[in-house]
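Student: This is the structure I want to talk about, given as structure tokens.
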């Protein structure tokens, strides 16, 4: 008999809670995503996360300890060697990744682009981090006139290739992206995904078409999600979860436009009758505020998210479990624009916890979540991770 019929896992993308013991190896000494935001805001107002026990993990400005937290609380340390979204999420579901995905804040190495030019017969322009719309404004006309490929990246581990559909036919663009995917399987160039970014229109009025295609990497092994799906449990992926695992172990995928849309979809799944896992990623914290080093916007987004939690609490049933965590840090007052190597919070709550919660031992790997989910549903345990299911008392 499953202890919990439904587990709702929420990943607050990039919401770290202080430098990890190995932060120095990543250039991240002193990073502290929530702590620095709380200082910048002169106190974060997150009363619902505080009730669950956020301030019991660590007190921060505006976030204090409570006498009787509703949930169990601790922090988790990442075991894998990367600090990107895919590594964090794959570890959460029981994998250990010893090859970090590469990011290219200065653009891609010349050797890689030379090889891509040689294999595709087309010249490459761009080669820098940029927003898709900005790079089209800047280089779209040149691309049309020369037939070159616009190659660009972002703060994430991606290689994107943009071309006008009337200049480089879709079939050719997709073939080019497959070549780029092959080349970036090399460890030193390993990106999480290659993305075809076709566009149409005239200079000054370019638009990206829906013919985007992603060439992702499948997880390097089976995850707890695969085990759940193969045992006929539901795995409802909300936000970019399905993309992160390249659809592996997903039974239903719900796209989201924003954090608030993500919370709406979470409430929708709370209203659904299912047995298994609902897995939500809230990406705005990372994409809109962390990489852009905007502590004010980040703080406001955290407060908006917190204000939605009562709707979630209200709909949770006695045999539901809510797990809230993060996948890495992205301290908006830290130097650079990259993720930061931090501990992440872990909060666990069910309405059946009548006595309230208490501190759990520090988790040595994010995979403890996957192990807990696996044990609850009686599926094969991941190779990594220690379940804390039996420590959650009703």
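Quick reminder: no glycine exception, Cβ is built from N, Cα and C everywhere.
Here Swiss-Prot flags 13, 327, 328 as Mn(2+) 1 binding site, drawing on sequence analysis. Positions annotated as Mn(2+) 2 binding site by Swiss-Prot: 286, 291, 339.
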Student: Identify all same-chain residues not among 13, 327, 328 whose C-beta atom falls within 8 angstroms of the centroid of the Mn(2+) 1 site's C-beta atoms; report them in sequence order.
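Tutor: For the Mn(2+) 1 site the neighbour list reads 11, 12, 14, 15, 16, 85, 88, 89, 286, 326, 329, 330, 339, 344.
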Student: Return the count of C-beta atoms lying within 10 angstroms of the C-beta of residue 286 (Mn(2+) 2 binding site), excluding that atom itself.
Tutor: 26
Student: Around the Cβ of residue 327 (Mn(2+) 1 binding site), how many other Cβ atoms lie within 10 Å? Please give the count over every shown protein chain.
Tutor: 28
Student: For the recorded Mn(2+) 2 site, whose residues are 286, 291, 339, find every other residue on that chain with a C-beta no more than 8 angstroms from the centre of their C-beta atoms, and list them by sequence position.
Tutor: 13, 14, 85, 155, 156, 287, 290, 328, 330, 337, 338
Student: List the Cα distance (Å, whole number) between residue 291 (Mn(2+) 2 binding site) and residue 13 (Mn(2+) 1 binding site).
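Tutor: With distance taken Cα to Cα, residue 13 (Mn(2+) 1 binding site) is 11 Å from residue 291 (Mn(2+) 2 binding site).
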Student: Rounded to the nearest Å, what's the C-alpha distance separating residue 328 (Mn(2+) 1 binding site) and residue 339 (Mn(2+) 2 binding site)? Just drop the number here, would you?
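Tutor: Between the Cα atoms of residue 328 (Mn(2+) 1 binding site) and residue 339 (Mn(2+) 2 binding site), the distance comes to 7 Å.
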Student: Under a criterion of Cβ-Cβ distance under 8 Å and sequence separation of at least 6, what residues of the same chain contact residue 13 (Mn(2+) 1 binding site)?
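Tutor: Counting only residues 6 or more apart in sequence, the Cβ neighbours of residue 13 (Mn(2+) 1 binding site) under 8 Å are 85, 281, 282, 283, 284, 285, 286, 287, 326, 327, 330.
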Student: Give me the count of other Cβ atoms within 10 A of the Cβ belonging to residue 339 (Mn(2+) 2 binding site).
Tutor: 31
Student: Work out the three-state DSSP category of residue 327 (Mn(2+) 1 binding site).
Tutor: coil
Student: If you count, for each of the binding-site residues 291, 328, the other Cβ atoms lying within 10 Å of its Cβ, which residue has the minimum?
Tutor: 291
